[in-house]
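Chemist: Take a look at what TrEMBL says about it:
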{"type": "BINDING", "residues": "B:ASP42, B:THR56, B:ASP87", "note": "Mg(2+) 4 binding site"}
{"type": "BINDING", "residues": "B:ASP42, B:ASP87, B:ASP238", "note": "Mg(2+) 3 binding site"}
{"type": "BINDING", "residues": "B:THR57, B:ASP58, B:ASP135", "note": "Mg(2+) 1 binding site"}
{"type": "BINDING", "residues": "B:ASP58, B:ASP87", "note": "Mg(2+) 2 binding site"}
{"type": "BINDING", "residues": "B:HIS65, B:GLU291, B:TRP343", "note": "substrate binding site"}
{"type": "BINDING", "residues": "B:TYR117, B:GLY134, B:ASP135, B:ARG161, B:SER240", "note": "ATP binding site"}
{"type": "BINDING", "residues": "B:ASP241", "note": "Mg(2+) 5 binding site"}
{"type": "DOMAIN", "residues": "B:40-153", "note": "domain 'PurM-like N-terminal'"}
{"type": "DOMAIN", "residues": "B:165-302", "note": "domain 'PurM-like C-terminal'"}
Number of protein chains: 2
Amino acid sequence: MIEDKNQSRTKLSELGEFGLINHLTQNFKIKNSTTIKGVGDDAAVIENKENQILVTTDLLIEGVHFDLSYMPLKHLGYKAVVVNLSDVYAMNGNATQITVSIAVSNRFPLEALEELYDGIYTACKTYNIDLVGGDTSTSTKGMLISITAIGEVKKEDVVYRNTAKPNDLLVITGDIGAAYLGLQVLEREKRVFEVNPNSQPDLTNYSYLVERQLKPEARKDIVKLLSDLGVKPTAMIDISDGLSSEILHICTQSKVGCNVYEEKIPLDQQVISTCEEFDLNSTTIALSGGEDYELLFTIAQEDFPKIKGNPHLTVIGHMTDESIGANLVTRAGQQIKLTAQGWNALSKD
Amino acid sequence: MIEDKNQSRTKLSELGEFGLINHLTQNFKIKNSTTIKGVGDDAAVIENKENQILVTTDLLIEGVHFDLSYMPLKHLGYKAVVVNLSDVYAMNGNATQITVSIAVSNRFPLEALEELYDGIYTACKTYNIDLVGGDTSTSTKGMLISITAIGEVKKEDVVYRNTAKPNDLLVITGDIGAAYLGLQVLEREKRVFEVNPNSQPDLTNYSYLVERQLKPEARKDIVKLLSDLGVKPTAMIDISDGLSSEILHICTQSKVGCNVYEEKIPLDQQVISTCEEFDLNSTTIALSGGEDYELLFTIAQEDFPKIKGNPHLTVIGHMTDESIGANLVTRAGQQIKLTAQGWNALSKD
């Protein structure tokens, strides 16, 4: 419904593989002094003498991870980069380089790839990232994108998932649940459009939700904020699969339990109102929704005064002895075991 | 025709994503001291204080880059790793880590992925590589593999493509053309099998060709050999797309020309005899065949005595002024302009 059917089309075969790579990457300028050699040789060359290197990778497949009927290609390019950077920030690091591999079937003209790379370019600019390599290929069906992000962190600053301690506070950035609801809104509009192709979607009441789904941001700012506040998390992870699943990752890997308080979970007003409209439980959405790309971390109790009252950070619970397990404490004071129901499981309903 | 139809099948959904990753990677042990943290967090952590980091990535798609009707999954896993390592060696570096992302449709059971990872494991063991991350996903069609390889190189040792000089000698490792012919043999056997499913392929006369196609090796040994000989190439590239295409990369990026002598191009006896059988010109195959994963490099003339007579290395020509262009000098002494016809173009015939 967002697609422009009248766009001019240039066949990819007119350019050839190397022509295509040059064409798509010519505007990407090197921004990091650690990038010695980017696109154009057998491998990128990165210099890094004092820091540890962080490497993370994600694969996005049309029909599995995204739907081009409501995901504009520019947003897709932007999001594909952001979800990878988020993993670097979740290690308390600074993202510096990416490689981008794409494969497309012959239904995509050059202009489609230009739009995709426009989004990749914007993300690289926003987050100060160098594109240093990649691969382009044809696919037998649809589009797929594989991105690897590289970052750096001082040895003493790296934060893992497996180092939370009992009595640490559990902290979340921003608010959650919106990205998943944005997807529900977009899928509803798609069904409406399929029934009546002349319908125009009115997304005014869901603007925040849709933006969180289509153009998520990674919390680079939090890494700086924590550094400025003098707080080093004891464990950290990004929220890609849903709060519940991520809490369980920290608990399992750190061999601790936790109590998470339902009333503390930060929700945007649009999340609350849209949950009412869709007849969904907002806590379930917050716990299982996913794709928020907020950070979830634990801190020592003595660091609490440093973060207290910060509008970006909410304490939602505390870690316990492993034997207690991972629990949600409801508004009614009831304890419920957390289960790892990510958004993949949820979206199959 | 190689597939075993009687294998037991375990559905991937029984394991879940994290169970699957754990299951497939549990036997991969860390081998490099630079690998601080491998699989299991938001990102891998790599320490590298003195060297430059090399990063390269490749995307392999079923039906485009491989055909499972004659490519056993174990070989596919091995080859997918090797083609990436080859890019690191082509920078005169040492490969140390990989990330592996895979997506498979629901036609693949767990046992298929185990076979694939068996090949990945063998390649990691052979080349001393740590698997440090990845992503697993479902695909809507077929299998795809995206691998990123990371390596290291001393700042003063890195070799680019764009630094060849006029009068440098052009050197190739091993012999070429065999991998492409191996593919032709396998595709012929596939067509025979499709007509007569009871036929048993006899590949005795093509054993070297088929091995070069199904189980190529990357020339890690050459990086060591050159170091031992005290030779630093002036430019280097690996031969993935075909000799002609790679020579043109060096010439274009280095702004030089070259004369390559047809009679010097190293061919295996099976390449010569199979070209005769298939009525193909062996020089065309050598120039355009691709997938050999040998190294192509240039050296200063004064280094010639150091490599002279080495059985792994063949001087096939020399670089010239850019104005001369890139030429093949035939056995008859005729000069022909080299064209960039990679194996992709060739295989469409």
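Using the three backbone atoms N, Cα and C, a Cβ is placed for every residue, glycine included.
A TrEMBL annotation is a machine prediction, not a hand-curated record.
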Chemist: Roughly how many Å separate the Cα of B:SER240 (ATP binding site) from that of B:THR56 (Mg(2+) 4 binding site), to the nearest whole number?
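Modeler: The Cα atom of B:SER240 (ATP binding site) is 14 Å away from the Cα atom of B:THR56 (Mg(2+) 4 binding site).
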Chemist: List which of the binding-site residues B:ASP42, B:TYR117, B:SER240, B:GLU291 have a Cβ under 8 Å from any Cβ of chain A, in sequence order, or say none.
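Modeler: Contact set vs A: B:ASP42.
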Chemist: If you skip the near sequence neighbours and keep only those at least six away, which residues in the chain come within under 8 angstroms of B:ARG161 (ATP binding site), Cβ to Cβ?
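Modeler: Set apart from B:ARG161 (ATP binding site) by at least 6 residues yet with Cβ under 8 Å, we have B:ALA235, B:MET236, B:ILE237, B:HIS249, B:ILE250, B:GLN253, B:SER254.
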Chemist: Long-range neighbours only, meaning 6 or more apart in sequence with Cβ under 8 Å: which ones does B:TYR117 (ATP binding site) have?
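Modeler: B:TYR117 (ATP binding site) has long-range Cβ partners B:LEU24, B:THR25, B:GLY77.
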Chemist: Among the binding-site residues B:HIS65, B:GLY134, B:ASP135, whose Cα is within 10 A of the Cα of B:ASP87 (Mg(2+) 4 binding site)?
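Modeler: Checking Cα-Cα distances against B:ASP87 (Mg(2+) 4 binding site), none of the binding-site residues falls within 10 Å.
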Chemist: Which chain-mates of B:GLY134 (ATP binding site) that are at least 6 residues away have a CB under 8 A from its CB, listed by sequence?
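Modeler: Those within reach of B:GLY134 (ATP binding site), by Cβ under 8 Å and sequence separation of 6 or more, are B:ILE21, B:THR25, B:VAL39, B:THR99, B:VAL100, B:SER101, B:ILE102.
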Chemist: For the domain 'PurM-like C-terminal' (B:165-302), how many residues does DSSP put in helix, in strand and in coil?
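Modeler: Each residue of the domain 'PurM-like C-terminal' (B:165-302) counted once, the result is 72 helix, 19 strand, 47 coil.
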Chemist: Can you tell me the mean pLDDT for the domain 'PurM-like C-terminal' (B:165-302)?
Modeler: 95
Chemist: Taking the binding-site residues one at a time (B:THR56, B:THR57, B:SER240), which has its Cβ surrounded by the most other Cβ atoms within 10 Å?
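Modeler: When each Cβ's neighbours within 10 Å are tallied, B:THR56 tops the list.
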Chemist: In whole Å, how far does the CA atom of B:ASP42 (Mg(2+) 4 binding site) lie from that of B:GLU291 (substrate binding site)?
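Modeler: Cα-Cα, rounded: 34 Å.
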Chemist: If H, G and I count as helix, E and B as strand, and all else as coil, what does DSSP give for B:ASP87 (Mg(2+) 4 binding site)?
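Modeler: Helix, per DSSP.
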Chemist: Treating G and I as helix alongside H, and B as strand alongside E, what does DSSP give for the domain 'PurM-like N-terminal' (B:40-153) in helix, strand and coil?
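Modeler: The domain 'PurM-like N-terminal' (B:40-153) comes out at 35 helix, 47 strand, 32 coil.
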